[in-house]
Every structure is written in structure tokens, then in C-alpha cells.
Amino acid sequence: MEGRLSTKTDFPSSETSSRGSSSVHSPTTEPSTSKEMVLDVEEQAVPTLGSGIVSDTMQAPSFPEGGLRAWLTVIGGTMVTFCTFGVVQSFGVYQDYYSRTSLSERSSSEISLIGSMQVFLVFAIGLPAGRLFDAGYFHHCLLTGSVIYIFSIFVLSIAEPHHYYQNLLSQGVGMGLGMGMMFLPSLTITSHYFRVKRSMAMGIVIAGSSLGGVVYPVLLNNIFQRSSGFQWGVRGVAFMDLGFLIIANSIMRTRLPPKKAQDGSGATFKKVLSDIPFLIYILGSFLVFWGIFVPFFYLQLYAATHGVNATFTNYSITVMNAASVFGRTIPNFMGDIYGPLNIMIPSAVITAGLIFGMFGATSVAGVTVFGLFYGFFSGGLVSLVAPGVASFVTQRDLSDLGIRIGMVSFSLSFALLTGNPIAGALLTSHRHWPRPLIFAAAVVFMGAGCFIAVWKPVTRRRGHKKV
């Protein structure tokens, strides 16, 4: 669910009244995985409405829209996403190394569980981290997450070969916990400084994850091949991330007061559960995330086992992540113009079809072409899932947006936890590649079908086709 979370939420003219604006700290009735993400959507949505959708009692604070402290916070957030989700997107390097070297006796499914546990915790820990952020504990989250994360990387560096549990606990659980404490709060802190320029500011922060996905594979693959090997490769990452996180903790600052607990109004969990089109959207998002990261985890191993030049194979994940830098920005701008769901549907269909293209990644040219196209279209699809939630909002004060994003994020955490291990189990030690790739393509296609199924009900509800 990472991506530009700010989106435009339009209601039919018959449902709106006088113009209003919502505060960054406007109340919601339910806790969610990403209250901070809700802040951005709420604040960005209001200016685009033909008329107000929130109570006149909600007054929006002023935003500096820049300044030294604001841009230092953006830079710090970029460093955090570089260190967190950038590592997640680089797990294919570890998958390849473990499969052929230090955990060669383990199945691909068991190895991929390490990376899946990481990304599961990034989303699942968003529940408590989001509430702590709203309560004014941003710096506590950032510092605690930094300590846990760096400590876990150093522990990973001393993990003994063929001791699976050491890798799972240090890399999967420990690093995942640290990432989860830092990722969403660092992404959303830009909401304290920007309203008009928020899309640009958050886009810069999000770009850190793709940049990390470019740098880490190159760094790790080169060091893993040296005599210093795995241990010093991981320590090199730890020292680099330590420097970035020290800077981030030093320069990032909150600006707005903590969100006060208030009596809720608007949509309840029960009401949202009765929204059938939205439940289908959740199912579609789950199915997409169930299969979309399989190439990110397995492309390097696939290329290596099909005789692709060894030197270039080490850059296969880098190529894909480099393309995702553009995939996570250009489709988002198109989503602002045409509606996120209208961009998600073709992106999902194309992404599913491209997974079959991985069968052709048996040469340098094949890996390059596949990596560029898949990185772009999958990146766009991933980044639009959260903005797409706004198309289902039914409350004038956006009070149901938080719980909706929370439900989507929570479901995605389980898709990410199980999808790649299932693909690994289908792969088996005999490397039956058609099985995991067909699984991944099939579930993404089914996810696209869910998005298509909800398009007409949503356009009817909104009164227009920009959804």
C-alpha cells in the first residue's frame, strides 16, 4: 500500500452542501492500520470537492508548504523508506543466496517466509504505530524502531550457516518489527507540513523505497561474492542504515498537536462490513498482493538457474526496482486525472499478463525487458491500492475512510505473509517454475476481475465515472 496516498474524493452534487475543510486531526470512530495515511487523504480530498463534505466545526490548520524544517523532515522520511521498504524490495538477493548457499537444505517456501514475515510486520505493526503517531509519540516510534532494526541487522550478520531459525528471527521478525515501527509514521509526518504540495512531498518520501531497491541489490551482490562474504555484506548495510537513521532521527520534527480522543460519529465497522462492493475491493486487493511480489522474490534465482550471465543476474532486481521508481509516480498522477480505480484495472490486467513474461527472462535481454515492464506496471498497481479506497467513502466527513484503509491494510498483511511461501512450495526443490508463476498470474488476474466487478456499482454510487 505504499504510494501517493493523497487522492481526490468527489461526491455527487446532490450529496454535498457548503464548502468546508477537514483538520489533519479530525476524529475517526475506529482505529486503523494507518490513521496517518487517512490524514493525507482527508486533507487532500477536501479542496477538490464541488462543495464541502465535512462539518463546519472542523477547522483546518494552516500549513507552511515548505521551509527548512519541512524539507528536512521530507529528507529524513526518504532515508527511512530507503532503509525499510527498500530492504523489503531487495529480498530477492537473499532468496538467491540462501537457496544456493547458506540455507540450501531448506525449501524455497521456507526461505521466502523470512522476507514475507518482514513485509507482513511492516503492515501489521501499522495498527499500533498509527495509534501512537496520532497520540503524539512519533519520535518514540522512530527511535524504538531504529534501535530494533539496526540491532536485528547486526544479529543477522552473525547468524550461522544452516541455522534457519536464526535468520527467521533476526531478519524476518526483528527487522520486520523495526520497519513496522518506522515506516508508516515516517511516511505520514509530511502531513504536518504540506497540503497543497503534499503529493510532491510524499512522492519524494516514497521514492526512497525504490531507490533502496536499486542500491541494496548492487551492494549486497558485490560484497557477498568477496571473501568477506555474507557477514560483512550485512554489516555494511547495518552501518550505512545506522548513519541514515541517526540523521533521520535528528532532523525529523512533528508540528501539529496530538490528536485528542473524541466521541465518534459516522460509519461504524458494522456499516462498512455491509458495503458489498468495498468487500469485493478488499478481496481484489488481497488477490493482487498475493501474487504481485513473486517476481521480486524469485527473478534473480530464476535468471541464475536458467544460465543468464552471472554478473548481470546480480542486477536483475535492481533493474526491476529502478523501473518501479517511475511506476510509483506516473500512474499516480494519471489516477488524479482519471480516477485511481480506472488506472488500477488496466494495470492489474497488464501486470498479470507480464508475470507470464518471466518465462522469457532466460537471457540478459529477456531479464532486462521483463524487469523494466514488470517494475513499472506492478509499481503503479501497488501504489494505487490505498488511493483507490477513497472511491468507496460514503460519509460526508470522511469518517469511514480510516476504517476502510485499516481493513485493506490488515488484509494485505496476510496476503504478503502467505503469497511468496505458497509460490515457494509450488516451486519445490526441483525448480518447477511454471507452478508458482501460473499461481501468481492467476491470482492477480482474479484480483483484476474483482476491480472490474466493483467499477459499475461505484460509478453509480458516485454519480460519475472518475473513480
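Every residue number used here counts from 1 along the chain in the order it is shown.
Placed from the backbone N, Cα and C atoms, the Cβ positions cover glycine too.
No curator has checked TrEMBL annotations; they are predicted automatically.
Residues or ranges marked as compositional bias 'Low complexity' by TrEMBL: 13-26. Residues or ranges marked as domain 'Major facilitator superfamily (MFS) profile' in TrEMBL: 277-467. Feature annotation from TrEMBL assigns region 'Disordered' to 1-38. Annotation source TrEMBL lists transmembrane segment at 68-91, 111-130, 137-156, 168-189, 201-220, 232-252, 278-300, 312-331, 343-366, 372-393, 405-427, 433-455.
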Folded-back contacts onto the transmembrane segment (137-156), same chain, C-beta under 8 angstroms, at least six residues removed: 80, 83-84, 129, 166-167, 170-171, 173-175, 177-182, 185-186, 189, 234-235, 237-238, 241-242, 245, 248-249, 252, 254
Contact yes or no, the transmembrane segment (405-427) and the transmembrane segment (433-455), 3+ Cβ pairs under 8 Å, gap 6+: yes
Top partner of the transmembrane segment (433-455) among 168-189, 232-252, 278-300, 312-331 - counted as Cβ pairs under 8 Å: 278-300
Same-chain residue ranges lying at least 6 outside the transmembrane segment (232-252) that approach it to Cβ under 8 Å: 72-73, 75-77, 79-80, 82-83, 87, 138-139, 142-143, 146, 149-150, 153-154, 156-157, 186, 189, 216, 219-220, 223-224, 226
